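Chemist: The following block contains the structure, expressed as structure tokens.
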Amino acid sequence: MTTMKMTETEAMQTSAAASPPVVLPTTVATTTIKSKKLTLIPLIFLIYFEVAGGPYGEEPAVKAAGPLYALLGFMIFPFIWSIPEALITAELSTAFPGDGGFVIWADRAFGPFFGSLMGSWKFLSGVINIAAFPVLCIDYLKKVIHPLESGWPRSLAIMVSTCILSFLNFTGLTIVGYAAVLLGLVSLSPFIIMSLAAIPKIKPHRWFSSGQKGLKKDWNLFFNTLFWNLNFWDNVSTLAGEVDRPQKTFPVALLVAVIFTCVAYLIPLFAVIGAVNVDQSQWDSGFHATAAEMIAGKWLKIWLEVGAVLSAIGLFEAQLSSSAYQILGMADLGFLPKFFGLRSKKFNTPWVGILVSTLITLGVSYMDFESIVASANFLYSLGMLLEFAAFIWLRMKKPQLKRPYRVPMKLPGLVIMCLIPSGFLVVIMVVATKIVYLVSGLMTLGAIGWYFFMKFLKSKNVIKFNDGGENEEG
């Protein structure tokens, strides 16, 4: 891996910070394993699976608010959320190209306490989000394999699939990247066929329906569905240290991924809404499979359900990679004990990070799907508010910092760009349930306690911590 060093300009700016920030970790130059770097195409598909993985899971937006609002949501939301988040990720990932991503950004802006808090919020939201994918996968499979609907067969299927997919992640990020390319193309193919087959059956007036009369709109479900399907753009930042020429590769990959993701959501949604006339209450997660059978026959339903399984695999692998490398980055930066930065001698992957992420994922994977989405969204919202603040603060306080990619706006424009999605984050948090408030509050208190616990251990030299130095293999 390439050694990352601060320039003289960056070092001068860093010394002027209010609290001493953490130095980006360097990596051993003479290692027994030569790590292969992620290139553009695999990175595009990893970002795609960090965020979407296909139209699977978009259906509840129609159930919650009706066809028109669902279509408008998936057309407008990328402009007020996805694009700003992708732009911020491109700028900060190229300015600080190390494993740890947003943890580094918060630390450089506000100091180690906020760096640790950011890491805790984003890690917990990430592993909660990962837990949704085996559940989503089983929700599709149960339409074909009925014993998976409930009971011990469902629980066993979730546990076994989680463990197998975690082992695949252990074999290497490059393998995961190229697997994401294949999984993305194969999982999208039935949607392409379904959309083409739907064209003769489309009745455009259905697109403008605001919903069935007498049905109360569920804005909580609507906004959480949009948010869950179009967020996590910054997760890929934790892989910046594993990317070939990140300063050039990241902006291009993010641009292509934003366009690709939005098109992949909208085309099937327009096709199915226009071609199928069903009760709005049927638009649960997995309804696209039912629609495929109505449009083209059972063969396409089965193909789409197979695609759902493949998509869930891609989503799981991409997001587990980000969580695992985030743990690695936090260990390199000294936020976690050195042990958490151990890499496999055979595959050079962060096996401790993968193991920790998998165990927590298993712990929350038996929550219902909507509860998983709501909990992940709330924690992620807290992290994103801190991330927007860090982005603006770094622009204000370190205007001369070398930024290979720079969002082409002056400070007032950047503030507006961040305020709009921040308003949406507040909406997401306001409409959350009491259970979500309770769980998120307890997790935040735990994150604060964890920071001071780590600080205590470090001061007493109870456990070895990195000081921003080398990774260790084990």
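Each Cβ is built from the backbone N, Cα and C atoms, and glycine gets one as well.
Here's the feature list from TrEMBL:
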TRANSMEM  39-57  transmembrane segment
TRANSMEM  64-83  transmembrane segment
TRANSMEM  153-170  transmembrane segment
TRANSMEM  176-199  transmembrane segment
TRANSMEM  252-278  transmembrane segment
TRANSMEM  347-366  transmembrane segment
TRANSMEM  372-394  transmembrane segment
TRANSMEM  414-431  transmembrane segment
TRANSMEM  437-454  transmembrane segment
Chemist: Cβ under 8 Å to the transmembrane segment (437-454), counting only same-chain residues 6 or more beyond its ends: which ones?
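Modeler: Same-chain contacts beyond the ends: 112-113, 116-117, 120-121, 124, 335-337, 375, 378-379, 382, 465.
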Chemist: Could you tell me whether the transmembrane segment (39-57) and the transmembrane segment (252-278) have 3+ CB pairs under 8 A, leaving out pairs under 6 positions apart?
Modeler: yes
Chemist: So, does the transmembrane segment (347-366) come close enough to the transmembrane segment (153-170) to give 3+ Cβ pairs below 8 Å, pairs being at least 6 apart in sequence?
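Modeler: Contact between the transmembrane segment (153-170) and the transmembrane segment (347-366): present.
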Chemist: Run the contact check on the transmembrane segment (64-83) against the transmembrane segment (372-394): 3 or more C-beta pairs under 8 Å, excluding pairs closer than 6 in sequence.
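Modeler: No, since the transmembrane segment (64-83) and the transmembrane segment (372-394) share fewer than 3 Cβ pairs closer than 8 Å, they do not count as touching.
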Chemist: Checking distant contacts: for the transmembrane segment (39-57), what same-chain residues at least six beyond its ends satisfy Cβ-Cβ under 8 A?
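Modeler: Residues packing against the transmembrane segment (39-57) from afar: 82, 136, 140, 174, 176-178, 180-181, 183-184, 187-188, 191, 225, 228-233, 235-236, 239, 243-244, 249-250, 252-254, 256-257, 260-261, 264-265, 268-269, 285-286, 288, 307-308, 311-312, 314-315, 317-319, 321-322.
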Chemist: With a Cβ cut-off under 8 Å, give me the same-chain residues at least six positions beyond the ends of the transmembrane segment (372-394) that come close to it.
Modeler: 85, 88, 91-92, 95, 102, 105-106, 108-110, 114, 117-118, 121-122, 124-126, 128-129, 131-132, 135, 220, 224-225, 227-228, 231-232, 234, 364, 401, 411, 414-415, 418, 421-422, 425, 428-429, 432-433, 436-437, 439-440, 443-444
Chemist: Can you tell me which parts of the same chain pack against the transmembrane segment (347-366), counting only residues 6+ beyond its ends and a CB-CB cutoff under 8 A?
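Modeler: For the transmembrane segment (347-366), the sequence-distant neighbours (Cβ-Cβ under 8 Å, at least 6 residues beyond its ends) are 31, 33, 35, 123-124, 126-128, 130-131, 134-135, 155, 158-159, 162-163, 166, 169-173, 320, 323-328, 339-341, 372, 375, 473.
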